[in-house]
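Below is one structure; the comments refer to it alone.
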Amino acid sequence: MDKSNSSVVSEFVLLGLCSSQKLQLFYFCFFSVLYTVIVLGNLLIILTVTSDTSLHSPMYFLLGNLSFVDICQASFATPKMIADFLSAHETISFSGCIAQIFFIHLFTGGEMVLLVSMAYDRYVAICKPLYYVVIMSRRTCTVLVMISWAVSLVHTLSQLSFTVNLPFCGPNVVDSFFCDLPRVTKLACLDSYIIEILIVVNSGILSLSTFSLLVSSYIIILVTVWLKSSAAMAKAFSTLASHIAVVILFFGPCIFIYVWPFTISPLDKFLAIFYTVFTPVLNPIIYTLRNRDMKAAVRKIVNHYLRPRRISEMSLVVRTSFH
């Protein structure tokens, strides 16, 4: 393309999930409810884990960090998507687009590694119970969380380095509700085949390696429990089945979109909903409703803050502050 006749793209047009006005209103209500559930549900987990001393253990420490990542992951694009359902101009600036690419890879990569850390915690608890306290110390948990952020940051910066210096001087329409890296890359004013290869290698190493580690750890846990007791095996499988389902819903779309980006499909933007919205909704449900300790702690927190006497005291404080 002749640079003299080209113009630099300053913004991108996001086509969103659909163009139907009736569906736009439905999607606005639906995703508004889901986003509210994500924020409140994960904040409740963080509050419960930090305030209840009985939950100050490695498993719940990692769960609290997962809830924080889920809130961040749902917030990088969902609020704008919800606002765009009621907007006639669904655009995003170039810097805003780069920011979305940065945050989606940072939080998604962080969650992948964090899920492996949580699986490792369960592996040590079940397969090496006598050494659990020694292995899963507070320092170890902190290091695992730091590693998850470090790995995701390296992954993100390497992905961003492929995109930020690309020349965008022509088409600026992204058929998605956020700036999806494979789609944005194809809008560049040059042959992006080599860059797509680098994206595949980068994303493939992270997603496939973490997914393989997760599956391997689950298999080892199930085999270990099965060798001890068939009844315990059934209980462990019922617990892990829901975790595995969430892992598949999270990793499946990521692997399909980012490890196979050469053919862009309209289905991709709907698959992206799974790891940006549905997984952050399901994680609090899976890790709370199927855990007796968490349910008891959540019930205690809710009763403490929502009991009638507490509410009347709070309303009295509010009224007093206005006088």
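Placed from the backbone N, Cα and C atoms, the Cβ positions cover glycine too.
Since the structure is predicted, the reported quantities are computational estimates derived from the model, not experimental observations.
According to DSSP, Cys97 (disulfide bond) is assigned to a helical segment. Spatially close to Cys97 (disulfide bond) yet at least six residues away along the chain are Glu11, Phe12, Val174, Cys179, Val184, judged by Cβ distances under 8 angstroms. Positions annotated as disulfide bond by Swiss-Prot, on the basis of sequence analysis: Cys97-Cys189.
Residues or ranges marked as N-linked glycosylation site in Swiss-Prot: Asn5.
Annotated topological domain 'Extracellular' per Swiss-Prot: 1-25 (among others), in sequence order, evidence recorded as sequence analysis. When averaged over the topological domain 'Extracellular' (1-25), pLDDT in the model lands at 72.
According to Swiss-Prot, the topological domain 'Cytoplasmic' annotation covers 50-57 (among others), on the basis of sequence analysis. The residues of the topological domain 'Cytoplasmic' (50-57), classed with DSSP into helix (H, G, I), strand (E, B) and coil, number 5 helix, 0 strand, 3 coil.
According to Swiss-Prot, the feature topological domain 'Extracellular' maps to 80-100 (among others).
The topological domain 'Cytoplasmic' annotation in Swiss-Prot covers 121-139 (among others).
Using a Cβ-Cβ cut-off under 8 Å and counting only residues 6 or more beyond its ends in the same chain, the topological domain 'Extracellular' (159-195) has close neighbours at 1, 3, 6-9, 11-17, 76-77, 80-81, 84, 92, 94, 96-98, 100-102, 104-105, 202-203, 257-258, 261, 264, 266, 268-269, 272, 276. Taken from Swiss-Prot, the feature topological domain 'Extracellular' covers 159-195 (among others).
The annotation topological domain 'Cytoplasmic' is assigned in Swiss-Prot to 220-235 (among others) on the grounds of sequence analysis.
The topological domain 'Extracellular' annotation in Swiss-Prot covers 259-269 (among others), and the record cites sequence analysis as its basis.
According to Swiss-Prot, the topological domain 'Cytoplasmic' annotation covers 290-323 (among others), on the basis of sequence analysis.
Annotation comment: Swiss-Prot describes 26-49 (among others) as transmembrane segment. Panel annotation: around the transmembrane segment (26-49), residues 17-18, 55-56, 60-61, 63-64, 67-68, 70-71, 74-75, 78-79, 81-82, 85-86, 277-278, 280-281, 283-285, 287-288, 294, 297-298, 301 of the same chain, lying at least six beyond its termini, place a Cβ under 8 Å from a Cβ of the stretch.
Under the heading transmembrane segment, Swiss-Prot lists 58-79 (among others), citing sequence analysis as support.
Annotation comment: Swiss-Prot describes 101-120 (among others) as transmembrane segment.
If you look up Swiss-Prot, you'll see 140-158 (among others) marked as transmembrane segment. When Cβ-Cβ distances below 8 Å are used as the criterion, the transmembrane segment (140-158) is approached by residues 58, 61-62, 65, 102, 105-110, 112-114, 117, 120-121, 202, 206 of the same chain, each at least six residues removed from its ends.
For the transmembrane segment (196-219), same-chain residues at least 6 beyond its ends with a Cβ under 8 Å from one of its own Cβ atoms are 109, 112-113, 115-116, 119-120, 122-123, 151, 155, 158-159, 162, 181-182, 185, 240, 243-244, 247, 251, 254-255, 258-262. Feature annotation from Swiss-Prot assigns transmembrane segment to 196-219 (among others).
Outside the transmembrane segment (236-258) by six or more residues, the chain places 108, 111-112, 115, 126, 180-182, 199-200, 203-204, 207-208, 210-211, 214, 218, 221-222, 225, 268, 271-272, 274-275, 278-279, 282-283, 286, 290 with a CB less than 8 A from a CB of the stretch. For 236-258 (among others), the entry in Swiss-Prot reads transmembrane segment, with the evidence type sequence analysis.
Its Cβ taken as reference, Cys189 (disulfide bond) is surrounded by 16 other Cβ atoms within 10 Å in the chains shown. With a cut-off of 8 Å between Cβ atoms, the residues of this chain six or more beyond the transmembrane segment (270-289) that come close are 17, 31, 34-35, 37-38, 41-42, 44-45, 63, 66-67, 70-71, 73-74, 76-78, 104, 108, 111, 176-178, 180, 242-243, 246, 249-250, 252-254, 256-257, 295, 298.
Following the DSSP three-state reduction, the secondary structure of Cys189 (disulfide bond) is coil.
Long-range neighbours of the topological domain 'Cytoplasmic' (50-57) within the same chain, counting only residues 6 or more positions beyond its ends whose Cβ lies under 8 Å from a Cβ of the stretch, are 64, 293-294, 297, 300-301.
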